[in-house]
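Peer 1: Below is one structure. I have some questions about it.
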Amino acid sequence: MSMRLRALSLFPFKPKPKPKPTLTLSYPFASTALAHSNSDTHSTPNTVHVLETLHRLHNHPSHVLSFLTHLRRTGFPHTLSTYAAVIKILSFWNLQRKLDSLFLHLISLSNFPLHALFQTLLDDFHNSNHHHYLLRAFDAFVKTCVTLNMFDAAVDFLFQTRRRGVLPDVLTCNFLFNRLVEHGQVDRALAVYEQLKRIGLSPNCYTYAILIKALCKKGDLKKPLYVFEEMERVGVTPHSYCYAAYIEGLCNNHRSDLGYEVLRAFRKGNAPLEVYAYTAVVRGFCNEMKLDEALGVFYDMERHGVVPDVYVYAALIHGYCKRHDLLKALALHHEMVSRGVKTNCVVVSYILHCLGEMGMALEVVDQFKELKESGMFLDGVAYNIVFDALCKLGKVEDAVEMLEDMKSKRVSLDVKHYTTLINGYCLRGDLVNAFSVFKEMKEKGFKPDVVTFNVLAAGLSRNGHASEAMKLLDFMENQGMKPNSTTHKMIIEGLCSGGKVLEAEAYFNSLEDKSVEIYSAMVNGYCEADLVEKSYEIFLKLSNQGDMAKEASCFKLLSKLCMTGDIEKAVMLLERMLLVNVEPSKIMYSKVLAALCQAGNMKNARSLFDFFVHRGFTPDVVTYTIMINSYCRINCLQEAHDLFQDMKRRGIKPDVITYTVLLDGSLKENLRRHFSPHGKGKIATLNVSTILRDMEQMEINPDVVCYTVLIDGQMKTDNFQEAVSLFDKMIESGLEPDTVTYTAMVSGLCNRGHMEKAVILLNEMSSKGMTPDVHIISALKRGIIKARKVQFHKQLALGFIPISKVHPLNPVSTILVVVKEGSGDETIRPKMKNLV
């Protein structure tokens, strides 16, 4: 493999020097020389003719545009005068897009004398009272500069034109102000705002809204209240956008609780609140993973007559997808569509991504195909998710085909799509094709980023090419990119998963600056190599330094400890996390809780459960069911009943599994009491009839497992007719019995001597392609022997069969031999008929 890689030439690309920019986007006010030999001092008849034509066509803008197209085709060299004339016409007729295009062109011309051009326009502006439309040109130029992120040029132009007596338009100032805030230049935005106010700007409600947004971005959550006071003082009525800006600012600062409180206060004061304000709070709670609170806001807005839009639903769906609560996310999506709110590629991408993270790659592909066939537009993000799913399924070629489909649909391709394909080949161990895609990506003009190199480094490491991985790091640096902690992490984990633990340790030790992420990589790597003890040692070393491994690494180690039965260390891991003020996730608590329950350590399990609740977590139906099941297994039915009631008090709806667990526990207790009339274990309020009534009230129907538990319980306590009735009811409800159900029925029938019915069920089971297991065979043996003994002794007692004539190879013996030899059901069935 190494030779093949070398033949491909892993790193054939020499670093190229960065090209010098061919044009400058700085504002060239200082320049007065023309870039072309087209100065007004050398006017030609052509220039005069163009100016005359433009003047003549002034009142016919469509003709002007046609004339300009003609000039462009002939290559006419414009002068300052012709450009000024064109700008005047475009401004007069408010042809904003044409103005924008013209200024973009002029800015792209290096050393073009924009200063001289605007000097000419300003002179015209002051020399005539009828040229106020030129303000549109000034505003258009500022907006063009802002669009190109040339903030210095925009600000300089505003203040220079103000010195010439031109007051900037408030909408233009708002555009500049907002873009500065959006680009993180908050302090500068606030400074510009103060300067503009000093030179006469009168802010409108949108200016104040941007000011509120800027203050919140800076983390100053009190000053916006003074802004509202100022608005009241100067007589500017706040628009709904102003209120929403403050609410969103609070939520973006992780104060969604305060944001919601402010929203309700504004609402109480009859402030104009629109759906966006509610969306901000819902999104804020979802970002803080307070999904119950987010859902509460959702219901609250509906109560107040605010109709949720796609953005509210998107925020909720995204939140539940991040928590991997796929059922809730799908339910919300279904509700959204059924209410006539159109879904989009962003929302479905959340769901597809969630499916992928939950290991449901096949479902991702199927859902994507359905969405595509429905005609929905799917963007590059959605395609990349399905690429990843196909690669995880080993179907990289299908992903490559889909890449061609993207091109045909003109969906924007980027480096992420190529990186995903490279990762797919690396996961499959196909490094030759991985580097072929890498080469193609560069040829197509896509520059590989650090993620691309990280994926390649991980692929090389995982497939045993440690030295090539090191060469890749050198090549990466030659390309102007330094390996980051993620690069080191992926190499360490790749080496460990490829069985090169010693090389991983050597690489880890060679790193001078070991971040938490790199320590976490060793925790992960040791777990991948099943060296759980070493992984735990690294975890302890890091926590002793006052740091904590990444949550994903802690979870991986915790899972391994629970899997190997080292629950004491798993509990210690949780304690260490709390010690350094890192809150374990809900799933981590649940993992340890399940391990304690599995080990039958209910005392510690209950302590952890109570601590879990005390920390503010709400146990879900799965956690409650695990606890209830564990109590039932050790015959603590009262504790199980108490937890069941607690679950309902908290508003958590039990599912069919919860009820099945309770029924199983109750039936087993009945069985114990059936055979030991004086035994302990009173059920009090927990009995089968009560549980079934509760199920009916909650509108939860039994499934196959639930019916099987009921049938088995009734059979074992000699309630034969009830068991048969349940079996019939199960089939009538449309449920198909499985092997376990048939086993319960056949065993019960055999125990009661109903061999004919047992054989009928056995034949039915065989006709459905189910092979009798060891339990059924054992039950049949017992039933046949019991039935034959009864018949034999009865006939013997009546004198119908002399003892001397009993032959060892009677039908019963023959069947027992067949069963004992494990013959298939095709052999069993005719012999059963002979017996009957």
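Numbering starts at 1 and runs along the chain as it is shown here.
Cβ coordinates are placed from backbone N, Cα and C, and glycine is handled just like the others.
Note that this is a predicted model, so its numbers are computed, not measured.
Residues or ranges marked as repeat 'PPR' by TrEMBL: 169-203, 204-238, 274-308, 309-343, 379-413, 414-448, 449-483, 515-549, 585-619, 620-654, 703-737, 738-772.
Structural setting of the listed features?
Peer 2: Each residue in the repeat 'PPR' (169-203) gets a DSSP state, and the totals come to 26 helix, 0 strand, 9 coil.
Averaged over the repeat 'PPR' (204-238), the predicted model has a pLDDT of 94.
Long-range contacts of the repeat 'PPR' (274-308) within the same chain: residues 240-241, 243-244, 247-248, 250-252, 254-257, 259-260, 263, 266-267, 315-316, 318-320, 322-323, 325, 336, 341, 618, each at least 6 residues beyond the stretch ends and with a Cβ under 8 Å from a Cβ of the stretch.
Residues of the same chain lying 6 or more positions beyond the ends of the repeat 'PPR' (309-343) and with a Cβ under 8 Å from any Cβ of it are 275-276, 278-279, 282-283, 285-287, 289, 291, 294-295, 298, 301, 350-351, 353-355, 357-358, 376.
Shown for the repeat 'PPR' (379-413): DSSP residue counts in helix, strand and coil, namely 26 helix, 0 strand, 9 coil.
Outside the repeat 'PPR' (515-549) by six or more residues, the chain places 485-486, 488-490, 492-493, 495-497, 499, 501, 504-505, 508, 556-557, 560-561, 564, 566, 569, 573, 576-577, 579-580, 582 with a CB less than 8 A from a CB of the stretch.
Remark: secondary structure over the repeat 'PPR' (585-619) totals 26 helix, 0 strand, 9 coil, with classes taken from DSSP.
Only residues 6 or more beyond the boundaries of the repeat 'PPR' (620-654), in the same chain, are considered here, and those with a CB under 8 A from a CB of the stretch are 586, 590, 593-594, 597-598, 600, 602, 605-606, 609, 612, 661-662, 664-666, 668-669, 672, 681, 683-686, 698, 700.
Within the same chain, residues 656-657, 659-660, 663-664, 667-668, 670-671, 674, 688, 744-745, 747-748, 751-752, 768 sit at least 6 positions outside the repeat 'PPR' (703-737) and bring their C-beta atoms closer than 8 Å to a C-beta of that stretch.
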Peer 1: Same-chain Cβ contacts of the repeat 'PPR' (379-413) under 8 Å, 6 or more residues past its ends?
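Peer 2: Contacts with the repeat 'PPR' (379-413): 345-346, 348-349, 352-353, 355-356, 361-362, 364-365, 368, 371, 420-421, 423-425, 427-428, 430, 433, 444, 446.
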Peer 1: Quick check on the repeat 'PPR' (515-549): DSSP residue counts for helix, strand, coil, in that order please.
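Peer 2: Result for the repeat 'PPR' (515-549), in helix, strand, coil order: 26 helix, 0 strand, 9 coil.
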Peer 1: DSSP on the repeat 'PPR' (414-448): how many residues come out helix, how many strand, how many coil?
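Peer 2: Result for the repeat 'PPR' (414-448), in helix, strand, coil order: 26 helix, 0 strand, 9 coil.
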